[in-house]
Amino acid sequence: MARRNVTLLGATGSIGRSTLDVIRRHPDRFRVHALAAGTRARELAALCREFRPRVAVMADPSAAALLRELLADLPDIRVLAGDDGVCEVAAAPEACTVVAAIVGAAGLRPTLAAVRAGKRVLLANKEALVMSGQLFMDAVAESGAELLPIDSEHNAIFQCLPAGKTRDPEAAGITRILLTASGGPFRGHTAEQLRTVSPAEACAHPNWSMGKKISVDSATLMNKGLELIEACWLFATDPSRIEVHVHPESIIHSMVEYADGSVLAQLGSPDMRTPIANALAWPERIDAGVAPLDLFAIGRFHFERPDLARFPCLRLAAEAFEAGGTAPAVLNAANEVAVARFLEGALRFSDIPVIIERTLTATDVVDADSFETIFAKDAEARRRAGEQIRLLTV
Ligand code: NAD
Ligand code: MG
């Protein structure tokens, strides 16, 4: 069997490490062609020693210089620097599979480069799709790229859809998508309690171990808002056909309801190696290193409706999708700025949705007719979110 060459964008992150753990178990199936990351040169150097990629990239130029020094005894590994280097490996002809696991808007250009080069793209970087929805999906259609979701909910939905009909809900007889959410670490908190929660508390997710940004997004429910938009684009549907179900056990990763009343669900331990392995090997099934599910130990499943009064981010995301055009890009940019300030201790948790809403109000929606327009709106929204934070915190 020919091995698949894989390029991993965001190699030092939470998804990156889970991906490498799956690849490590299957040296006969996968070979790492390139590893790319942001700033952590020592971590990337250690991964290069183990996986021996042909190319390694650091987006940060000084980190790239350090990586070059650290890998001086391995001259076969080409070291590239900067965003252009990340885009270059994303599109390189040697790899047929690209795992898009950079966090935030920084992932859009490289993910798009992989899409335009017609790769099998394993999408974790939901922000890229949220920002550029229609243009992104058009690029997938034009290049013939194969887009496979590894966000656990979307991978679950993908698995519950009839193969080949993932973009035609009508023809497939789909009536609803039931998108599950853990509810995050503050599910039972009162509005008053939410005012004083710390970054450390927000990052301590009850079920999943993830990067900081997505952990905060899970705590505000913005993650579910971004995922709602992600599901609309991936599965060609709209928010009226998606219902968020808070399911604190995080065992059912989402469900699809059909016209005959059948509801198909995908279950599994909350471990990202399952959706990653599913997409890496698709349509085959491989060992992901995940312990078998013990339903006797879990005992019960619970479901509740999300509380949009305490967690307005989910409502803001649905509204941004309905507004269309550049609104989702503005939502995403304002969220990235607010979350970063919250993690620095400079903004209250409960002010994250306030900043996003004010930024959305202050920024005109225009047609998302080009990627240039989207990047310009992203920059404008970041400036405006910064202003709103200054106004709120003086
Ligand atoms: P993380 O913070 O742990 O890792 C982010 C990675 O991106 C790091 O390797 C970092 O070096 C790299 N990076 C950052 N900026 C970069 C740049 N400009 N160029 C190149 N690399 C850059 O984040 P994560 O939790 O692994 O999440 C990654 C993405 O996957 C996010 O979009 C997130 O929403 C999504 N996702 C994560 C999980 C999870 O369980 N962690 C689940 C579903 C979806
Ligand atoms: Mg998810």
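Cβ from N, Cα, C; glycine included.
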Next item on the list: Could you look at Glu69, Glu88, Glu227 and say which one TrEMBL places alongside Asp151, Glu153 in the Mn(2+) site?
Entry: Glu227
Margin query: Need one residue: from Lys126, Lys165, Lys212, the one TrEMBL lists with Ser152, Glu153, Ser182, His205, Ser218, Asn223, Lys224, Glu227 for 1-deoxy-D-xylulose 5-phosphate.
Written below: Lys126
Checklist line | Residue among Gly188, Gly211, Gly225 sharing the NADPH site, where TrEMBL lists Thr12, Gly13, Ser14, Ile15, Gly38, Asn125, Glu127 as binders | finding: Gly211
Check: Which residue counts does DSSP give the domain 'DXP reductoisomerase C-terminal' (267-383) for helix, strand and coil?
Finding: 68 helix, 2 strand, 47 coil
Margin query: I'd like to verify something. Among the binding-site residues Thr12, Ser14, Asn125, Asn223, which ones have a C-beta closer than 6 angstroms to some atom of ligand 1?
Written below: Thr12, Ser14, Asn125
Check: Looking at the binding-site residues Ser14, Asp151, Glu153, which have a C-beta within less than 6 Å of some atom in ligand 2?
Finding: Asp151, Glu153
Next item on the list: Could you tally the C-beta atoms, other than its own, that fall within 10 angstroms of the C-beta of Ser14 (NADPH binding site)?
Entry: 19
Margin query: Can you give me the Cα-Cα distance between Asn125 (NADPH binding site) and Asp151 (Mn(2+) binding site) in Å, rounded to a whole number?
Written below: 8
Next item on the list: Would you mind giving the whole-number mean pLDDT across the domain 'DXP reductoisomerase C-terminal' (267-383)?
Entry: 98
